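K.L.:
My questions all concern the structure below.
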Amino acid sequence: MGGYGGVKMEGMLKGEGPGPLPPLLQQYVELRDRYPDYLLLFQVGDFYECFGEDAERLARALGLVLTHKTSKDFTTPMAGIPIRAFDAYAERLLKMGFRLAVADQVEPAEEAEGLVRREVTQLLTPGTLTQEALLPREANYLAAIATGDGWGLAFLDVSTGEFKGTLLKSKSALYDELFRHRPAEVLLAPELRENEAFVAEFRKRFPVMLSEAPFEPQGEGPLALRRAQGALLAYARATQGGALSVRPFRLYDPGAFVRLPEASLKALEVFEPLRGQDTLFGVLDETRTAPGRRLLQAWLRHPLLERGPLEARLDRVERFVREGALREGVRRLLFRLADLERLATRLELSRASPRDLAALRRSLEILPELKGLLGEEVGLPDLSGLLEELRAALVEDPPLKVSEGGLIREGYDPDLDALRRAHAEGVAYFLDLEAREKERTGIPTLKVGYNAVFGYYLEVTRPYYEKVPQEYRPVQTLKDRQRYTLPEMKERERELYRLEALIKRREEEVFLALRERARKEAEALREAARILAELDVYAALAEVAVRHGYTRPRFGERLRIRAGRHPVVERRTAFVPNDLEMAHELVLVTGPNMAGKSTFLRQTALIALLAQIGSFVPAEEAELPLFDGIYTRIGASDDLAGGKSTFMVEMEEVALVLKEATERSLVLLDEVGRGTSSLDGVAIATALAEALHERRCYTLFATHYFELTALALPRLKNLHVAAKEEEGGLVFYHQVLPGPASKSYGVEVAEMAGLPKEVVERARALLSAMAARREGALEEVLERLLALDPDRLTPLEALRFLHELKALALGLPLGSMKG
């Protein structure tokens, strides 16, 4: 049918005219309707085209000029992208949230009987990509979430075959794992999709594509997890045309690693910056391979709890630190490696291109050199047989597609060589023909040429027309020349075409056999990729350590850091190192704003995190406990869209700390309680400090509440960040020193921030008056206490007296604390 004015409907296409649709558009609509959730990119010659309302969507998304496809009885909007630029446009569309169905011409136009046959050859969604040009270097996870006996969460990276999952007890734990893995696409079980409140909250926290799939249980384990596994496999098979390369499912337990809640990952800027562009991962990422980069991210997601594996990692990093020439040699070779992990997947899916096999050959050529540097103990599999096969078979620089031809070396396949010789003889006939015909006809300008329309021809210029033999058959007349053919030329030409088709077919057969030979080594390639990724991370961490002066940490019961630094901040500006020593203590850190309290807290946590992935740390010396969790409450992170204030978010994060932190946890608290009144804030901060002290956590608590520094807690230690008023104003020394700060310097910081002079002076006057009143009130409290005879007070009088003392201490009118 023809056009319509409403929503896209099956069998219809937006446009104008009585119809019916021409055959090309009928074919387009039929394919489009098979994939209603996808944007169909429909090959027409050298372009992928969209028609109707999809053309309008494509034009809006990419800023393309909208044209029209016009036939006798119908006109429809049209927009397209050139096939040569497909990867760039597809990447943009996927990031915008489009699912793409790619319909290619599956037969040559010249061989088609009528309309060229087209089929959907690719379904592209953000979480199911295998195409190297479209994939990020990071892991590209598709996630599925189901409920039942807990929250079942499973991940699948279609590009590598990684398949894993976990069963979680709470929604907050679910969100932590999702934030840690950052999937590109998420499948929600029906009971979650139908929960509007959950979907709204989920979309706000995780702005990724949400998709649907059948959640039929598959595999073993708890029902919720089996449902999530089944959904991933069903969706991945649907987008991959049934072909899938997946490793055995791995059940993992987040509790087997250091606990890093979402708030900690955010506050410490492990993967995403709070401002600017710098992150811990960015500082550490000196990797040379894509699998190495993904492995480093995995280590940061899941720091280790056990000393043995950590010491083993540190030993390997230290070797590369000590042996600079070895480190440089290994890194130089690793830089030349292809992404063997993803290449192995494309081999198993039978999607590896000639250039993939060439990249595999170059990578395998590096393995003997690496073994020469590191010795056989490196454990790389023997792939020399495959390397020799690839060397013998592939030309140096093969084309992207098999259909382009010219990818198999001469001498590799006898049948192909025989066909090529026959073809060369056929070409030689035409080369010799020019000389023979020049001599026979006496036409010195005669030439043999070729074009796609007429094939081979003889060309004669105007001055020699009278010498053209009668047997020459004209095929084309130009301004000053004519073109001819001979019966024997057509016979020879047909034979050449036949040989070219046979050569192309044989090359494809040889290539497929070669790819199958490589596919059989896919597991060995994955093992090589795993070993090389570990080498890459060890060498990268060593490079960072040498370049920036890191040291190997030791593990013990105390936390002792000498000249510690913040690994990210020190890259941007001159940095003042600081010491810290504590053991199951509550350390209060006071000092003015901007002095560096938050940086000091963060650097301590980052040093601990680095140590527990097996990295050297930014310090002159470091001894650390093995922490079971790193918990933070740092910075304002209100959730206004969700109806939560800064204070509410702060209290939720503090509640998580109190729920989970143990005596083996590192806890960082920055200005807890500032989002409410000062009285409430002091009370909450005091109660929190007492609770964490009782729990024996390793706690660093930065605060402006000087009341906390006087708490009578046996394991409380006071530190302050040094600052001093000098003639030019307040000077920050960024040094952390023993004892509490003498004052908060709030007015001085306000002056530095540019508050008007009259406002600053008024603030100083008010501060002096308040301090005087407080001092006078305290003196009066002391006098009244000294004059008191407790033996003569009734219980009611004693209670009233305490209320009066508290009112005096707080500067309130007497009687205001009663009742």
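Yeah, the Cβs are placed from backbone N, Cα and C, and that goes for glycine too.
Checked Swiss-Prot, it gives:
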- Gly591, Pro592, Asn593, Met594, Ala595, Gly596, Lys597, Ser598: ATP binding site (BINDING)
- 2-130: region 'A1' (REGION)
- 131-274: region 'A2' (REGION)
- 275-570: region 'B' (REGION)
- 571-819: region 'C' (REGION)
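Help me picture these features in the structure, burial and contacts included.
P.N.:
When secondary structure is read from DSSP and collapsed to three states, Gly596 (ATP binding site) falls in the coil class.
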K.L.:
Just checking, which of Gly591, Pro592, Gly596 (binding-site residues) has the fewest C-beta atoms within 10 Å of its C-beta?
P.N.:
Pro592
K.L.:
DSSP says what for the region 'A2' (131-274): how many helix, strand, coil residues?
P.N.:
51 helix, 32 strand, 61 coil
K.L.:
So how many of the residues in the region 'A1' (2-130) end up helix, strand or coil by DSSP?
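P.N.:
Once the DSSP states are binned, the region 'A1' (2-130) shows 39 helix, 37 strand, 53 coil.
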K.L.:
Helix, strand or coil at Gly591 (ATP binding site), per DSSP?
P.N.:
coil
K.L.:
Which has the fewest other Cβ atoms within 10 Å: Lys597, Ser598, the binding-site residues listed?
P.N.:
Ser598
K.L.:
For the region 'A1' (2-130), what's the model's average pLDDT?
P.N.:
86
